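TrEMBL lists 57-77, 98-118, 148-166, 178-195, 201-217, 252-272 with the feature transmembrane segment. Taken from TrEMBL, the feature domain 'CAAX prenyl protease 2/Lysostaphin resistance protein A-like' covers 147-236.
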Amino acid sequence: MTNRLTYDRFRPLLLIALIGAVYAASKKLPILLQMLLYRFGGAAGLPIDDLSRNLNAVYVIVAAAEIIPLAVLYRRVFPRLWERPPEPKRRLSPAQSGLVIVLGAFGAMGLSMLWLLFADGVLSALPFIHRQLTQFNQSMAAVDSGSYLWSFLAACVCGPIVEELIFRGLIFGCLRQLFKTPMWPVLISAALFGIWHENAVQAAFAGILGVIFAVVYDQTGRLWINIAIHMLNNFFATPPPAINRTAIPDNIYLAAVVLILPMIGVYIHLFAAKKPRFLQRLGKGRRHPPES
């Protein structure tokens, strides 16, 4: 009994320490794994010289090595420390899940596009923002360089899985234990997600995406929905070269901006505890006259 009381007393500090440890490990562990890859990969028969010229391939190998331990922490270890395991507040039908995924991916892309246009057209007059934009464009060019297969695996498969496990599965999960309402866990996890990207321009729209992802996870309790949104959003940002040379990307970006408001409306309709009055009226539909 005494041990239980002691644990309950220090439980918030333990959760905060876990959040800090996960965040720090998310930055340092990939560096360590990359060093080990270069150190021992040659002995394992890996083409180290080729890998050193292909950052996307290195990222995929490192991220793949992270996924299994992160999944074990998410499924087996951290839930043992949680007083309230995450439970879905909304059970979505397959059609609703698909709508949440598609609109979330398009809407998130649209918000990112608006922010980048604003930063480039207005804020770039500030030297700091101009430097950050230049760095962001250079990093995106590096992602797009080399074989598209590795770019696709890095940006659209491994990246979303690792980031959702870290920021929604583990960090948001711990934050949700510390607060009675989801507002602060959503905002804090989104802020950490933005800062994690290190570039100020990218951090801003990553933080916005972090809010969307955290809300979806808090409401559905299904990390696979988050991963699907994240994958589709990243795919829109890194289309195949054959598509990239056509008008399709421009049409996708236009559709993404147009679908921002539908995304917000559908998310409010599905997830809001108390819906706005106009949505309540829409939900009631047209009343039929009584039969004579």
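The backbone N, Cα and C atoms fix where each Cβ goes, glycine too.
Mean pLDDT for the domain 'CAAX prenyl protease 2/Lysostaphin resistance protein A-like' (147-236) in the predicted structure: 95. Against the transmembrane segment (148-166), the recorded stretches 57-77, 98-118, 178-195, 201-217, 252-272 differ in Cβ pairs under 8 Å, and the greatest number is found for 57-77. Taken through DSSP, the domain 'CAAX prenyl protease 2/Lysostaphin resistance protein A-like' (147-236) splits into 80 helix, 0 strand, 10 coil. The transmembrane segment (201-217) makes contact with the transmembrane segment (98-118): 3 or more of their CB pairs lie within 8 A, with pairs spaced 6 or more apart in sequence.
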